[in-house]
Each structure stands twice: as C-alpha cells, then as structure tokens.
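*Asks:* Pasting in a structure now, in structure tokens, and then I'll have a few things to ask.
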Amino acid sequence: MTTSSEDDANSEQSLWQQSLAEFRRDTATQATPGCGATATVSAAFGLALVLKGLRITQQHATDERRQALIEWGEQVNERLAPCADEDVAAFEQFMAAIRKPQESESERETRRQAIDEAAGQATDIPLRAAEDCLEALALVEEALPLSDDMLKSDVRAGALLLHGALSALLLNIDADLSGLRNPQQRARTARHRRDLQREGDTMITRLGLPGGSTFDSSTRGYSRRRPPLPSRS
C-alpha cells in the first residue's frame with residue numbers, strides 16, 4: 001500500500017506505510033482513520049485504476065496525449081494522497097484543542113482560538129481532497145477514450161470510486177460545518193461543498209455511470225437521481 005512519493009510526503013506513522021489489513025483494522029476499531037482519511041485512500045485507489053488503464057495502454061501504443069494524462073494523474077495523486085494523513089492530524093489537533101484548560105479567561109480564549117483553527121483545518125483538508133477527486137474525474141473523461149477496451153472497466157470503476165470518495169468527503173464537511181463559528185466562513189464552505197457535489201454528479205453522469213446525487217439542505221439528506229419506476233399494470 002506504499003509508494004515512494006507517499007512515503008516521502010508523509011511521516012513515519014503514515015497510513016500509507018500500513019498494510020491493508022492494518023488499515024482496515026484501525027478503521028474498524030480506532031477513532032482514526034475516520035471517514036475523511038478512508039475516503040481519501042479510496043479516492044487514491046480509484047485514481048490508481050484510472051492510471052493503470054492509461055499506463056498499460058501506453059505500453060502497447062505510445063501516444064503523447066496519453067502520456068500527458070498520466071503525468072496529470074500523477075500530479076493529482078501527489079496532492080491527494082497526503083490528505084489522508086493530514087485528515088488524521090487534523091482530528092488529533094481538534095481533540096488536543098478540546099482538551100486545553102479553560103479555568104481562566106485567558107485559557108478559555110486560547111482554547112477558543114485553538115478550536116477555531118482546528119475546525120478550519122477539519123473542513124479545509126476534505127475540501128482540498130474533494131477538489132482533487134473532481135480534477136481526477138475530469139481526467140477520467142479524457143482518459144476513457146484513450147484507454148484500451150480491455151481496461152475501460154478499470155477506468156470506469158476508478159471513476160465510481162472517485163465519485164463515491166468525493167461524496168464521502170463532503171459528508172465529512174457537513175459534520176464539521178457547525179464547528180465554524182464565523183458565519184461567513186461557514187456559508188462560504190457550505191456553498192463550495194454544494195458546488196463540488198454538483199460538479200461531481202455532472203461528471204459521473206456524463207460518463208454514463210450511476211451515482212449522481214443531490215444534497216437536500218432542508219432535510220440534510222441525499223436523494224438519488226434515478227428514472228421513474230415503471231407503473232405496474
């Protein structure tokens with residue numbers, strides 16, 4: 001589960017240095033990794049499937065356009081993969097802020113500032129990861145016609161993982177929005193979050209794949225876009 005770029009980018013305790021079994025165990029039993037980190041890892045694997053389709057096709061038929069897409073995907077991964085560890089660190093930062101003493105007014109103010117900073121990180125990191133997912137979906141749109149027919153299922157599966165990860169990352173933001181005390185920042189983050197979901201849904205629909213969803217702010221729930229069921233005769 002380790003690549004050299006991910007090792008270089010992250011610390012000794014990086015999620016990318018765990019085995020898959022260790023990562024699954026910790027996800028199921030520990031506070032971290034949570035949904036943000038797990039979604040980011042899923043997105044990185046989705047992007048890996050897209051890159052597989054491009055790379056293996058490129059081995060058999062060299063194309064400058066395909067090579068450019070490979071390099072683009074590698075750049076996205078360089079930004080995306082470290083977000084998994086950053087999400088874990090942000091959670092730990094938030095918990096450390098919560099535990100700060102609050103006996104004096106000075107201590108309470110220091111604690112409030114620490115919580116505000118940690119809450120900002122808790123939404124900023126999944127937002128950046130979601131933006132990377134969206135860029136990776138844009139890559140898929142160009143990669144699919146340049147991938148061998150035998151590998152298009154991998155590319156499409158990668159797109160579904162990326163879209164699912166994007167939606168999961170945005171759910172993570174929903175959970176942390178209330179921690180943003182600044183109303184302008186909260187509104188700006190919520191608006192950006194909706195835009196990302198909308199763009200991701202549009203892309204996955206253009207690819208002819210299932211998964212488009214819309215967020216209903218009135219019910220705080222998701223509704224699937226699906227054709228009406230046929231009436232029973």
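Any Cβ shown, glycine's included, is placed from N, Cα and C.
Heads up, here are the entries from TrEMBL:
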- 22-191: domain 'Cyclodeaminase/cyclohydrolase' (DOMAIN)
- 99-119: region 'Disordered' (REGION)
- 100-115: compositional bias 'Basic and acidic residues' (COMPBIAS)
- 184-233: region 'Disordered' (REGION)
*Asks:* On the 0 to 100 scale, where does the mean pLDDT of the domain 'Cyclodeaminase/cyclohydrolase' (22-191) fall?
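*Replies:* Per the prediction, mean pLDDT sits at 96 for the domain 'Cyclodeaminase/cyclohydrolase' (22-191).
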*Asks:* Which numbers of helix, strand and coil residues does DSSP report for the compositional bias 'Basic and acidic residues' (100-115)?
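*Replies:* Helix, strand, coil within the compositional bias 'Basic and acidic residues' (100-115): 11 helix, 0 strand, 5 coil.
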